[in-house]
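Listed in TrEMBL:
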type	residues	note
TRANSMEM	34-53	transmembrane segment
TRANSMEM	78-98	transmembrane segment
TRANSMEM	104-129	transmembrane segment
TRANSMEM	150-169	transmembrane segment
TRANSMEM	189-208	transmembrane segment
Amino acid sequence: MAVGGLDVSLALAFSSPLVSYAFIAHQDIGWRGAYWYLFSFHCFAFLMLFFFYNPPDFEMKHREDGETKWQLVKQMDWVGVFLFLSGGALFLIGVNFGGRTYPWTHPGTLCPIIIGGCCFIAVGLWCTYAPLKYPLFPPKLFRRVREFDMVIVVCFVGGMLYYSMNVMWPRPSQALFVPEGDIIMRGVYATIFSCGTWTAGLVVVFICSRLHHEK
């Protein structure tokens, strides 16, 4: 229900491609208008958060346990943070080197990828067996396969599809379906994938929440 409500509330953001192409088609400011539009959108969001979002402060959240900020800092899983960040950085460096700076079989490509993968394995073992109060990846969460692991997998796969299609879809849609020179239709086709996400949000809110069988 909460996810569907969030998707429905993003209707204004999903229409941004159409607004951007309208700037290009009808305003002298051209493509720069798209960035000014997004800038104003984020400024408005910042003002709304600043004036109307009042989260609990540190004292309210730790009134019962009485822990200080320094105590919480010392309890953080700094080793896990180091292993995770190092693994991610090395893995991405190796992937970026492959086929560009070095061949894929070159040690300069393979070593960062392998070491990064080993760091990921190490952080998993560290969080599982080290006596930590606040591990970076709490094992008790990952033992809940249906409630946690599968949600992470679905979000990961859905994010891959969403962001890749938002980058790739506008160009082929313009080449295949939009008449040459029709700038507004470019914006219409660019919003199709986002409109699908918005429609799915409506389905979640009004249908899945009543069926109780989201699968």
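A Cβ is built for glycine as well, from the same backbone N, Cα and C atoms used for every other residue.
Stretch with the most C-beta contacts under 8 angstroms to the transmembrane segment (104-129), considering only 78-98, 150-169, 189-208: 78-98.
Long-range contacts of the transmembrane segment (34-53) within the same chain, counting only residues at least 6 positions beyond its ends with a Cβ under 8 Å from a Cβ of the stretch, are 12-13, 16, 19-20, 23-24.
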